[in-house]
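Notes to accompany the following structure.
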Amino acid sequence: MEKSSYLTDNSFTEQNILCYDPADVSSNGYKLRNPLKLPAPLMVFQLSVISLTSLLIDVGLKPLGQPSLVAQVLGGIVFGPSVLGHLEAVKETIFPTRGVMALETAATFGVLFNLFVIGVECDSKRMFRPGKKAVIIGVSVLFTTLASTLALSMLIKRFVPMDPRLAKSLPIVAASQCVVGFPNICSLLKEMQILNTDQGRIATSAAMFCDIIGLTLGAVGFIKLQVEKEHSLAQKMGSILSPLILVIFTVYFVRPAIMKTLRLRPEGKPVGENYFICILVLVLTYILAAETIGQHFLFGSLLLGMAIPEGPPLGAALIRKLHYPVGKILYPVFLTTSGLKTDIFNIHFKSLWVIALLVLFGVLIKIGVMMIITRYTGLTIHDSIIVGLMLNARGVCDVVFFNLWRISQALSDEHFAVAIIISVVLVMVIITPLIRFLLRAIEQQAPTKRRTLQHSKPDLELRILVCIHELQSVPSMVNLLEASNATEQSPIGVIGLVLIELVGRAAPLLITHNHSQGAIPEDGSISLQIINALRQYELAYESCVTLQPFTTITHFELMHEDICRLALDQNATFIILPFHKHWEIDGSIGTSSRAIQNINSKVIKKAPCSLGILVDRGILKGTMATLSNQGVYHVAVVYIGGPDDAESLAYGARLARHQNVSITLIRFLIFGFDNARERKLDNSLIEAVRYENSTNENFVYEEHVTRDGVGLSASLRGLEDRFDLIVVGRNHDDSPLLVGLGTWSECPELGVVGDFLASPDVGITASVLVVQQQRVRGKLVNRAVKPVAVNNQDGSYPDMNNALNNGISTPRTSVSNDHPRWEITIDRAN
């Protein structure tokens with residue numbers, strides 16, 4: 001008979017003695033034995049069932065706006081004794097008693113490595129150097145909630161008759177309501193894609209500070225429990241000093257050693273596998289050390305995680321490798337096993353309403369405190385309510401605490417079930433849609449101030465937000481800024497925003513750079529180079545150009561929020577976005593970033609002002625140097641009609657004032673088609689620009705009369721090597737000229753004409769700027785026409801007796817009028 005091992009399983013209410021054969025782990029085929037009778041196949045089956053069930057519930061709850069946490073806990077409740085677990089067939093087949101130990105072990109590894117990842121993502125510098133607002137919010141919310149809920153629990157215990165187990169659990173549940181966990185809040189806001197909002201940044205900053213207090217109180221609590229178990233003074237002093245020694249050793253020896261090792265690594269080379277293996281061994285060593293000194297193993301995991309430098313190269317590499325095995329498999333198992341232990345049939349009504357009252361009171365206290373301290377935070381009542389709801393987010397911190405208290409028997413199974421259902425699931429179900437609703441209300445109240453190039457006054461500062469993702473796009477961006485003609489009468493305010501993906505960190509950063517350029521992250525060398533290049537432009541035009549540089553480090557899917565918010569806060573009139581494709585010198589596409597394309601598409605929908613997407617082909621023209629070192633900068637403005645073309649015309653009119661810029665205004669008309677109203681509006685805009693440039697030798701006006709999209713495409717192809725930059729509007733109000741051109745559109749964010757000009761198949765080597773006039777919630781602010789060029793002091797332009805008559809009455813190939821450089825061409829194709 002084979003030797004057997006014996007385990008005592010304390011995961012359920014009753015005690016079970018389990019006997020298993022260590023050699024009998026895997027099956028030799030279903031024909032010989034049922035695989036689910038063996039540990040390894042059973043565990044694989046359990047993980048598969050848990051993941052699939054949680055995924056299906058998550059898909060069903062997504063339309064209701066519920067977070068994944070709710071689905072994962074409910075997935076466990078479904079298979080627990082509350083729903084299917086009371087069926088003997090399900091209990092013995094899927095989650096038998098003999099498989100609990102292996103599943104609990106997987107869940108334990110899931111939560112400890114998840115906390116390690118959370119520690120890596122935390123910015124320890126920000127945690128220990130919080131802002132004044134974060135300190136005020138953190139201290140006020142945490143301690144007021146703790147005192148209020150504990151006081152209420154004492155009152156309930158005194159005046160409401162209850163059984164001793166409930167009386168023992170009430171202070172524990174009351175204390176749990178003060179938890180403001182950074183992992184909880186960051187996970188929820190990231191999933192809701194509101195991490196970059198003003199309210200989200202405030203909530204995460206306050207939560208970081210609260211985590212310092214929480215970790216300290218937790219460590220003190222474990223030290224107190226350990227001291228109570230010891231008898232001699234030496235043992236008690238050892239229990240007190242050992243955690244401090246571990247922390248000091250980590251801060252002054254482990255972290256510096258890791259930093260030094262990373263500095264010895266060749267610059268630019270990715271972190272090797274050996275680094276990853278050493279860190280995993282170190283994690284297990286720290287877990288053992290924490291258990292040895294009397295602290296919980298989660299303390300060691302989190303402490304080491306905070307010692308790892310966040311961001312690239314090491315922190316980012318660790319998070320990428322651990323994301324799927326830990327974040328998508330093992331950590332959800334921990335949440336699901338918490339649901340498996342929840343039995344709603346053991347819940348008594350009194351326990352339910354008492355704990356529900358305590359939880360509701362804690363939620364309202366946090367919101368109330370945020371409303372009371374508005375005087376010190378500078379937030380509105382509306383924003384305070386949103387931040388208060390965010391601070392009530394539940395997650396891994398709460399579930400870990402409830403499990404620890406259940407294991408230590410501070411919480412009974414009944415009150416553990418109530419706490420999980422009410423304090424975690426129900427609170428998240430309520431606050432998540434409330435946060436969405438309140439944020440949506442703010443968006444609907446967004447200001448509708450007109451911020452367009454067409455309607456801006458020529459004697460006011462033009463504020464341009466320039467977004468740069470890669471260093472190679474800087475020369476073309478600077479060329480465009482120089483061509484924008486900054487003068488003392490019409491200065492330019494440049495808001496430079498460097499876009500960096502958030503990798504290896506949890507909280508996003510929006511860095512404001514001063515001239516000393518402090519607070520640059522370790523992975524911000526590209527940011528420094530880009531900002532230095534923009535500063536050179538500022539120095540060259542110091543009397544008429546100001547620069548405000550920023551760096552945003554955030555997730556690509558949330559980066560549009562920072563762009564739009566910065567444009568709104570800095571009162572920008574025009575945003576310049578980078579195109580997601582970059583060209584090689586041989587004309588082929590070098591790199592393409594789908595993430596940048598998604599950012600552009602989102603900014604187009606939410607931008608608070610006009611914008612342009614710059615398709616940079618400077619490398620093909622050889623114009624990588626700045627404009628001041630070149631000859632003439634040739635620009636074409638393509639005009640078909642509509643508000644976006646009017647905006648591009650307004651920008652072209654400004655470019656035309658630069659002495660080194662040659663502007664060619666190309667207007668396309670439809671042969672045999674006339675819309676009198678639209679033609680009159682377009683004529684008034686073009687006549688104003690022509691009048692202003694009547695003495696400008698570098699200004700050319702052309703009219704191309706075409707019959708259809710074929711003629712338009714042929715004319716556009718003819719632009720090939722004539723220009724350095726082509727400016728065109730994004731939308732053209734379903735013009736008949738565009739029929740058939742958009743069938744094979746690859747980049748819808750550029751519009752039909754912009755996509756055609758940006759296509760590598762067309763053969764155009766000029767850069768392209770695709771312009772969109774300001775929209776508010778998808779609609780134009782005001783379609784009233786204003787001249788895009790003005791000369792008189794009152795902002796008007798005089799009548800032009802020598803201008804063309806509206807429309808074309810007779811076919812002709814060229815016309816000479818008051819302007820020597822004015823041509824009309826007609827597509828004579830049948």
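Just so it is clear, glycine is given a Cβ too, placed from its N, Cα and C backbone atoms.
Given the structure is predicted, the values throughout are model-derived calculations rather than measurements.
According to TrEMBL, the transmembrane segment annotation covers 38-57 (among others).
Positions annotated as domain 'Cation/H+ exchanger transmembrane' by TrEMBL: 52-434.
Feature annotation from TrEMBL assigns transmembrane segment to 69-87 (among others).
Per TrEMBL, the feature transmembrane segment maps to 99-122 (among others).
If you look at the transmembrane segment (134-156), the same-chain residues 6 or more away from its ends with a CB under 8 A from one of its CBs are 162, 170-171, 173-175, 177-178, 180, 202, 205-210, 213-214, 354, 357-358, 361-362, 365-366, 369-370, 372-373, 376-377, 387-388, 391. Marked as transmembrane segment by TrEMBL: 134-156 (among others).
Marked as transmembrane segment by TrEMBL: 168-190 (among others).
What TrEMBL records for 202-225 (among others) is transmembrane segment. Residues 122-123, 126-128, 130-131, 133-135, 137-139, 141-142, 179-182, 184-186, 189, 195, 239-240, 243, 294-296, 299, 302, 377, 379, 387, 390-391, 397, 506-507 of the same chain sit 6 or more residues outside the transmembrane segment (202-225) yet have a Cβ under 8 Å from a Cβ within it.
Annotation source TrEMBL lists transmembrane segment at 237-254 (among others).
Residues 111-113, 115-116, 118-119, 215, 218-219, 222-223, 225-226, 239, 242-243, 246, 254, 261, 308, 314, 317-318, 321, 400, 404 of the same chain, all 6+ positions outside the transmembrane segment (275-302), place their C-beta atoms under 8 angstroms from a C-beta of that stretch. What TrEMBL records for 275-302 (among others) is transmembrane segment.
Under the heading transmembrane segment, TrEMBL lists 352-373 (among others).
Tertiary proximity for the transmembrane segment (385-404) is limited to same-chain residues at least six positions away from its ends with a CB under 8 Å from its CB atoms, namely 69, 73, 111, 114-115, 118, 137, 141, 176, 179-181, 183-185, 187-189, 199-200, 202-203, 206-207, 214, 296, 298, 331, 334-335, 338, 362-363, 366-371, 379, 411, 416, 419-420, 423-424, 427-428, 431, 434-435, 438-439. Feature annotation from TrEMBL assigns transmembrane segment to 385-404 (among others).
As annotated by TrEMBL, transmembrane segment applies to 416-439 (among others).
Taken from TrEMBL, the feature domain 'Cation/H(+) antiporter central' covers 541-619.
For 634-774, the entry in TrEMBL reads domain 'Cation/H(+) antiporter C-terminal'.
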Counts of helix, strand and coil residues, the domain 'Cation/H(+) antiporter central' (541-619), according to DSSP:
29 helix, 28 strand, 22 coil
Under the DSSP assignment, what numbers of helix, strand and coil residues are found in the domain 'Cation/H(+) antiporter C-terminal' (634-774)?
53 helix, 35 strand, 53 coil
I'd like to know the mean pLDDT over the domain 'Cation/H(+) antiporter C-terminal' (634-774).
83
Go through 38-57, 99-122, 416-439 and flag the stretch with the largest number of C-beta pairs under 8 Å relative to the transmembrane segment (69-87).
38-57
Close approaches to the transmembrane segment (416-439) from elsewhere in its chain (Cβ under 8 angstroms; 6 or more beyond its ends):
64-67, 69-70, 73-74, 77, 82, 173, 176-177, 188, 192, 194, 197, 199, 338-339, 341-344, 346-347, 351-352, 355-356, 359, 363, 382, 385-386, 389-390, 392-394, 398-399, 402-403, 405-406
